[in-house]
Amino acid sequence: MKLPIYLDYAATTPVDERVAKEMMQCLTMDGNFGNPASRSHRFGWQAEEVVDQARTDVADLINADPREIVFTSGATESNNLAIKGAAQFYKKKGKHIITAKTEHKAVIDTCRELERQGFEVTYMDVEENGLLDLQKLADTMRDDTVLVSIMHVNNELGVIQDIATIGEMCRERKIMFHVDAAQSAGKVLIDVQQLKVDFMSFSGHKVYGPKGVGALYVRRKPRARLEAQMHGGGHERGMRSGTLATHQLVGMGTAFRVAKQDFEKDHAHISALRKRLIDGIMSDMEEVYFNGTQDQSVPGIVNISFNFVEGESLLMAVKDIAVSSGSACTSASLEPSYVLRALGRNDELAHSSIRFSIGRFTTEEEIDYTVELMKNSIGRLREMSPLWEMHQEGIDLDSVEWAHH
């Protein structure tokens, strides 16, 4: 077993060897290096062929038509394209957008930008378990609501929102529905023929593909429309200009094909490791809280708060495992996770949370090592904590008045 142990698969995944092998075929002079948009010679035709195959592979994972897949530089761009693109296209109908407070920053900040452009955005609260109250969502919908954007799987908690029901609600009211599926592709079965979703964002690097490539599903029937955000040569049916990065797209396509092939195997493997991790940590430690809901979440993300331990010192104490507190995009700030705050967790618990994310290459040995390391580290840090001592003595910390110096 090699240290440090990687348990941050929700931040990014290593590229699968099978994927890297395919990508290598599309880079050098004796490989498939042509520009897929070059129509006048074989180099272009061959590149176009593998790009078409990649498009089909991405579409197959979600049961879409390949013509509904628009390649982008990642889920952040896909979210921007869907939300800004749809809001601008449908603005004559209305300027109201609904999203949730626990969305990824790529959705929240895109909505903030639209507010600066005169749109009105409702950021919905979630329940204590991280899920939306669908009745409240229905009550928030108005005649001038043009778009609802709700993520499929939350990147910090792993909870799975009820996309099927939300889709029905939106379709009934003729509201466009966007779903950020960066964390659910390859982990939850997605069938866009069954789901009433208009736009769906995907990322390559969350599914053992390369970074820097993503996709946006844009429904054809009934047709979903959007305004392009990137202008140029009219690539991707005018929705996203820019030379197609053949090796990146082939990487994403292969990753999605492998995800489909290995779905059952990955799910069983990760579910068993999740149980081992949760049982190991939650069984004989007190003041340990599971964030989210265990019965409606993906097995790969486990978010736990350890009371009476400061998050930053905890991360430093467990430097032999690569985990995160909050999401990678915001872990550079010392603010507590806005997602955990939205669940109603107090600052102390939000600060002492750790997200373990398990993946295809995680082993039982690594999980067992992690459990032991967590137990020892938490025990050691709590021994140094005066708050833990007071708690042990039965003092209600909320009733303590601290002296101000």
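Placement of Cβ uses the backbone N, Cα and C atoms for every residue, glycine included.
Annotated in Swiss-Prot:
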type     : residues                                     : note
BINDING  : A75, T76, N155, Q183, S203, G204, H205, T243 : pyridoxal 5'-phosphate binding site
MOD_RES  : K206                                         : N6-(pyridoxal phosphate)lysine
ACT_SITE : C329                                         : active site, cysteine persulfide intermediate
BINDING  : C329                                         : [2Fe-2S] cluster binding site
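Structural mapping of features recorded in Swiss-Prot.
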residue: A75; record: pyridoxal 5'-phosphate binding site; DSSP (3 states): helix
residue: N155; record: pyridoxal 5'-phosphate binding site; DSSP (3 states): coil
residue: Q183; record: pyridoxal 5'-phosphate binding site; DSSP (3 states): coil
residue: S203; record: pyridoxal 5'-phosphate binding site; DSSP (3 states): strand
residue: T243; record: pyridoxal 5'-phosphate binding site; DSSP (3 states): coil
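Residue pairs drawn from A75, T76, N155, Q183, S203, G204, H205, T243, the listed pyridoxal 5'-phosphate binders, are separated by up to 30 Å at the Cα level.
Ranking the binding-site residues N155, S203 by other CB atoms within 10 A of the CB puts N155 at the bottom. In sequence order, T12, T13, V15, G74, K211, G212, V213 are the residues of the chain that are 6 or more apart from H205 (pyridoxal 5'-phosphate binding site) and have a CB within less than 8 Å of its CB. Geometry remark: T76 (pyridoxal 5'-phosphate binding site) versus K206 (N6-(pyridoxal phosphate)lysine), CA distance 12 Å. N155 (pyridoxal 5'-phosphate binding site) is 10 Å away from K206 (N6-(pyridoxal phosphate)lysine) when you measure Cα to Cα. Remark: Q183 (pyridoxal 5'-phosphate binding site) has A10, M151, H152, V153, N154, N155, G158, K206, V298, I301 as non-local neighbours, by Cβ distance under 8 Å and separation of at least 6 in sequence.
The Cβ of T243 has fewer other Cβ atoms within 10 Å than any other of the binding-site residues T76, T243.
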